[in-house]
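A.B. asks: Quick one: structure below, then a few questions.
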Amino acid sequence: MTTHFKPIQPLRDANAEDGFSDEQKYWMRLEEAAVFEESCCSCDFKPSTPYSLAVAGGSRVIVFDTATTEQSAIYSRFKTSICSIKYRHDGALLGVSTENGFLQFFDTHSEKPRKQGLRTPIRTIKAHKSQIYSFQFDAGGHKVASFSDDCYTKLFDLATENASPIWNCGAHMDFIRTGAFVPNNEFLLATGSYDNTIHLWDTRQDGSSFVREFNHGLPVEKILFVSSQNNLLASAGGNLIKFWDLNNGQIVKELQLHKKTITSLNLSKDETFLISGSVDRRVNIVKLDNFDLVHTWHLDAPIQSLAIDHSDNHVAFGLGNNNLAIWRRKEEEKVEKIKKSKSGKRKRKRNESKEVLQETITTNNNDVDLPENIEEEEPEERPKGLIIFRKERDGEQEKVELKLTERQLEQMKLGDHDYLLREGRVQELVSTILLKIKNYSFEYIVAVFHQIRIRQQLKLALSNLERFELVNLFQFLTNNIGNKQFFDILYDVIVVTLEIYVQKPLHRDVRNAVRLLQKILDKEIEAQKKLLRNGGLFEMMKNGNKNNLTVKKEEKLKVKEEIKNVEMKENEEEDGEEDEEEKEEEKKKKKRRRRRGRKRRRMKNQKS
């Protein structure tokens with residue numbers, strides 16, 4: 001039976017994925033798809049499919065196609081800078097607020113896949129005298145509430161062409177930067193301000209007084225209703241996130257997971273996770289059931305804005321370095337589905353060919369019939385081959401297992417390292433890796449040493465190494481000797497290397513690298529010795545004789561008597577010290593009296 005050479009596969013740590021929960025893996029699958037040099041002060045995903053991304057930067061709005069991460073539309077008819085953008089719940093309208101206090105609304109159905117163009121808004125409202133950094137559509141989509149730096153909150157009806165508000169309220173004493181409608185109640189509206197408070201309003205009233213007030217304690221940047229059933233409100237200000245109960249106005253939970261100001265709050269598709277972005281370059285994902293931190297992303301710049309689509313498959317970040325980052329979820333492996341689809345195609349082709357053959361025979365010769373049941377040859381079982389990456393049209397890569405026949409395995413071309421290993425040129429293999437060790441992963445290098453170790457050729461592979469190769473080898477061993485999973489392999493490499501070069505003159509750089517490795521090993525040995533000592537003490541305490549550990553009553557009494565005697569002596573010494581102190585104080589008093597007497601006599605003599 002012939003055996004085929006298998007290429008080197010990187011060794012994986014068995015415990016590497018066991019340390020992550022399913023929730024962590026769910027969010028870890030999001031990876032960077034594209035980065036654009038585009039300023040982004042506000043961004044929002046379209047609620048309906050396809051989940052287009054609208055990005056506001058400067059005086060224009062760019063719409064990106066999330067499938068291709070390319071521009072699909074541009075809105076550029078703005079006189080001033082844009083402060084905020086927001087899609088309506090049905091995705092039919094795109095709202096834009098500007099620095100000069102205008103609200104403009106565009107029909108998204110008219111968007112065409114062109115990169116440049118001027119579009120006219122279907123509704124323009126002069127809402128405030130100052131900039132509008134936030135606005136919200138109500139649940140029905142017919143009304144919009146605006147929150148401005150002029151400390152006013154206004155409510156407009158989009159169905160009417162009249163630009164006058166249907167509700168106007170001087171809601172706060174400072175800038176209003178955020179607001180939200182209460183779910184399942186179109187008349188209740190919450191506003192958050194830089195005066196450190198959150199106010200709950202009933203738009204059916206005149207706006208002279210609020211329904212409820214919440215004191216966040218810091219300037220409020222964002223508010224968000226995270227639970228429509230429990231009426232739970234989340235407020236972000238400073239580096240704090242607080243959760244409030246609307247029913248009693250009490251705080252439910254306070255989180256301090258960021259180091260700097262929080263700039264954005266978002267919910268996942270099923271409203272079970274809260275995503276918060278901050279100036280500290282971190283994005284935290286919190287599970288709302290128990291308020292535990294599930295996962296954290298670290299970005300390259302402060303986060304100004306953040307948006308996540310309604311399928312949790314795309315996330316957009318507006319960064320402080322005038323960059324826009326779009327992340328996409330990496331799809332899971334679907335090898336079984338691919339296998340089924342391939343087998344289904346083959347069956348369809350066979351059936352089609354069988355039907356065509358049946359028709360041709362019956363038309364040419366009516367007396368000849370084809371048997372009804374034609375035995376189809378089942379594909380032969382093939383040995384497992386390589387794992388390759390199949391690139392799809394949208395640029396994504398999917399891992400697929402490729403099955404190869406014996407003939408294909410014999411004709412398969414190996415890589416340079418696999419060829420050297422198969423030919424037994426292990427010394428050349430190790431040299432090529434050590435010269436460019438930074439280009440290879442830790443798992444791959446360990447896998448190479450593992451294959452050489454199996455072949456019992458470590459001594460041959462590590463002999464006659466150059467100075468740079470030895471330095472890189474010892475540095476690699478120093479950095480990774482603490483890995484418990486592959487300690488046996490690395491330890492054997494260390495032992496063989498030292499046996500080879502212990503009596504050879506080495507360069508100063510190599511000696512320094514060896515000393516550093518020795519220090520790391522000495523620390524590890526000391527730690528192991530301490531553990532052994534503590535283990536021995538624990539064993540003695542556990543298995544020791546009870547008679548030796550317990551003290552007899554007589555000995556206890558003697559100890560108590562000795563303690564009493566010592567205490568008596570201490571008390572006597574203290575009493576003696578106190579007596580001496582009292583005598584000294586009396587002497588001082590006598591001296592003072594004598595001095596006073598002398599002064600009086602002098603005064604009398606001078607008068608006389």
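Each Cβ is built from the backbone N, Cα and C atoms, and glycine gets one as well.
As annotated in TrEMBL:
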REPEAT    169-211  repeat 'WD'
REPEAT    213-254  repeat 'WD'
REPEAT    255-296  repeat 'WD'
REGION    337-381  region 'Disordered'
COMPBIAS  339-351  compositional bias 'Basic residues'
COMPBIAS  369-380  compositional bias 'Acidic residues'
DOMAIN    397-541  domain 'U3 small nucleolar RNA-associated protein 15 C-terminal'
REGION    562-608  region 'Disordered'
COMPBIAS  570-584  compositional bias 'Acidic residues'
COMPBIAS  588-608  compositional bias 'Basic residues'
A.B. asks: Using DSSP, how many residues in the domain 'U3 small nucleolar RNA-associated protein 15 C-terminal' (397-541) fall into helix, strand and coil?
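C.D. replies: Tallying H, G and I as helix, E and B as strand, the rest coil: 108 helix, 7 strand, 30 coil.
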A.B. asks: Please list, for the repeat 'WD' (255-296), how many residues fall into helix, strand and coil according to DSSP.
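C.D. replies: For that range the per-state counts are 0 helix, 24 strand, 18 coil.
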A.B. asks: For the repeat 'WD' (255-296), what are the same-chain contacts with Cβ under 8 Å, counting residues 6+ beyond its ends?
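C.D. replies: Same-chain contacts beyond the flanks: 21, 23-24, 27-28, 221-224, 226-227, 234, 236-243, 302-308, 310-312, 315, 317, 320.
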A.B. asks: Near the compositional bias 'Basic residues' (588-608), which same-chain residues lie under 8 Å Cβ to Cβ, leaving out any that are not at least 6 residues past its ends?
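C.D. replies: Beyond its ends, the compositional bias 'Basic residues' (588-608) has no Cβ neighbours under 8 Å.
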A.B. asks: What are the DSSP helix, strand and coil residue counts for the repeat 'WD' (213-254)?
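C.D. replies: Counting residues per DSSP class in the repeat 'WD' (213-254), I get 0 helix, 25 strand, 17 coil.
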